[in-house]
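The structure appears right after this line, and notes come after that.
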Amino acid sequence: MPNIVVLVKQVPDTYSERRLAEADHTLDRESADAVLDEINERAVEEALLIKEAQGGEVTVLSVGPERATEAIRKALSMGADRAVHVSDPALHGSCLLQTTRVLAAAIGKVDGVDLVIAGNEATDGRGGAIPAMLAEVLGFPQLTHARKVAIDGTTITVTRETDTGLTHLSATLPAVVSVGEKINEPRYPSFKGIMAAKKKPVETYTVADLGIDAAEVGLAAASTTVLEATPKPPRSAGQRVEDSGDGGGKIAEYLIGQKLI
Amino acid sequence: MSEVLVLVDEIDGEVKKVTFELLTAAREIGEPAAVVVAAPGTAAKVKESLAAYGAAKVYVAESDDVANYLVTPKVDVLANLVGAKSPAAVLIPATAEGKEIAGRLAVRTGSGLLIEAIGVESSGGDVVGVQSIFGGAFTVKAKSTRGTPVVTVRPGGVEAVQAQGAAAEETVEVPAVDAAKATTVTGREPVVGGDRPELTEASIVVSGGRGVGSAEKFEVVEKLADALGAAVGASRAAVDSGYYPAQFQVGQTGKTVSPQLYVALGISGAIQHRAGMQTSKTIVAVNKDAEAPIFEIADFGVVGDLFAVAPRLTDEVAKRKG
Ligand SMILES: Cc1cc2nc3c(=O)[nH]c(=O)nc-3n(C[C@H](O)[C@H](O)[C@H](O)COP(=O)(O)OP(=O)(O)OC[C@H]3O[C@@H](n4cnc5c(N)ncnc54)[C@H](O)[C@@H]3O)c2cc1C
Ligand SMILES: Cc1cc2nc3c(=O)[nH]c(=O)nc-3n(C[C@H](O)[C@H](O)[C@H](O)COP(=O)(O)OP(=O)(O)OC[C@H]3O[C@@H](n4cnc5c(N)ncnc54)[C@H](O)[C@@H]3O)c2cc1C
């Protein structure tokens, strides 16, 4: 009966315009609607499928501002059992190393973790590195970019899918898994699920609760620092013609004019 | 000049173009030292091409373990080299595997990690990474504040330029694997690349969207691509509808491409698609809906039926090439 922790992140909705704050070059979280990252819905779904087949418990973990509670509620209404939310103003502007350290400490608050399931890449940061970094810190094997996950006792096998093709992986639990886009179709929360989620326990921690000095996280102590950020001028529309039988020829003329063919 | 480690990306002894881009970038900030972590016999096959792009040194770490375990053997080798050689930076391709190697290396060496750079610069003794974020909406310059900067560089982000290097070989060890923490690779099914250029490497990309209508009709897109010597891309709607395989998806959850020319056929131009292609030098769009948002960013747009326009364009291109 695997004890599973699913990592979920609240991200700016990709349909809205995403910006950086002018003052400190961090993500401007006010300017965009926030949603549970789509890939993390698939991570939750995979955890629920494992639980339905083998039992166990599913804890969702999110490190992020107050608003991340919406993402946590969504995961709980899909069917996760409980949640851990690390929320602390000191975390603002944290780098990948700091985020990894906080996630690892929070995972440490959950007893006897067998499996950590994350998304392969967040749509905002796009680091694609947190799952591997966590495996490094926790000393667990990493089975990342999963298209298929199977657990048999303490053996976990994963089909990894990346641009280079499929790789078949095997390791021993406890382990870190990250899921890819094609692993499953996440369920919609049912009305019953939404109601039940309201009563599920959510533990909230500050970084101090995790035994981390607040001065060691956040922008001022980050391992990377942004020196300058320049918005790109938006592209503007060029020529547009109606096709009246010669549209293909007109493109060819244009490409020749631009020395592209 | 201090060394800059470049992790070599290769498949069966064939060096990937991104490696040459990284060697070119490394020359901006120091002396490139290529690191080959691969199966025995690989270095002999790749050495010449590494020299042609300016590798002053080649560290050779060869072992069968590299293929048998996921990610960690490469991290182990790089971590030892960082300790022994105190390089100015480590450059790693921003591929799925490269991002993971870089992340673990940053943890292991307590270093700052700069992700998805499209270039590196040296400024006041610091290594600065240039990043293009939110699909090119912002250009950011960032530096690491501790350790040896670990930088992942986006394929296609830097233009590869040849330069002769000595490629002096030095053998280094692949440390023994800690089986309890490692992931065993039990099999591989590599994708077999066709004759077309790779999506992120191509200088021309022709993409089809839902407007193409079926897998069979994607032939129209492929024919134009082949006439232009281009790679084929697809929107997520086209991929989700089963018209084209997922590895060709362009956009926020697919590939980021920045070719000289991007041709969008039957693609509406949703913000998530634009995030993957709007830094292309020239954009041409064909769409039957004059209101399609793709026209807002197209340098040249044709309002019309792609099945009429694209074949005609294919013929014109073929005629021109003779
Ligand atoms: C535009 C942009 C650029 C950035 N560039 C850098 C940089 O160059 N260097 C650097 O060190 N930092 C950088 N950051 C900060 C970095 O993104 C954050 O530290 C972030 O919290 C984690 O990285 P990611 O989103 O890239 O994670 P990824 O590795 O892409 O995330 C993979 C998975 O890890 C889990 N996960 C990630 N973050 C959380 C979380 N907070 N809570 C719960 N689960 C989580 C999720 O399951 C997610 O699907 C950048 C952030 C932004 C917005
Ligand atoms: C989190 C998230 C991530 C996403 N990531 C991506 C991504 O990586 N890549 C991506 O592409 N999308 C992505 N999307 C989806 C995106 O929002 C759009 O749904 C998608 O790009 C639409 O694809 P399309 O333009 O092919 O289809 P549609 O929007 O359906 O457009 C089809 C177009 O074809 C035109 N057309 C139809 N027939 C013809 C004809 N005969 N001749 C000419 N024109 C014709 C129509 O006028 C229309 O404009 C993502 C969405 C979300 C929520």
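Just so you know, glycine gets a Cβ as well, placed from its N, Cα and C.
Since this is a predicted model, take the numbers as computed values, not measurements.
DSSP assigns B:Gln252 (FAD binding site) to coil, not to a helix or a strand. Counting only same-chain residues six or more apart in sequence, the Cβ atoms lying under 8 angstroms from the Cβ of B:Gln252 (FAD binding site) belong to B:Gly135, B:Gln272, B:His273, B:Ala275, B:Gly276. Residues annotated as FAD binding site in TrEMBL: B:Arg210, B:235-236, B:249-253, B:266-273, B:Asn287.
What TrEMBL lists as domain 'Electron transfer flavoprotein alpha/beta-subunit N-terminal' is B:4-190.
Within the set of binding-site residues (B:Ile267, B:Ala270), the lowest number of other Cβ atoms found within 10 Å of a Cβ is recorded at B:Ala270. Under 8 Å, Cβ to Cβ, and six or more positions away along its own chain, B:Gln249 (FAD binding site) finds B:Gly233, B:Ala234, B:Ser235, B:Arg236, B:Val239, B:Lys255.
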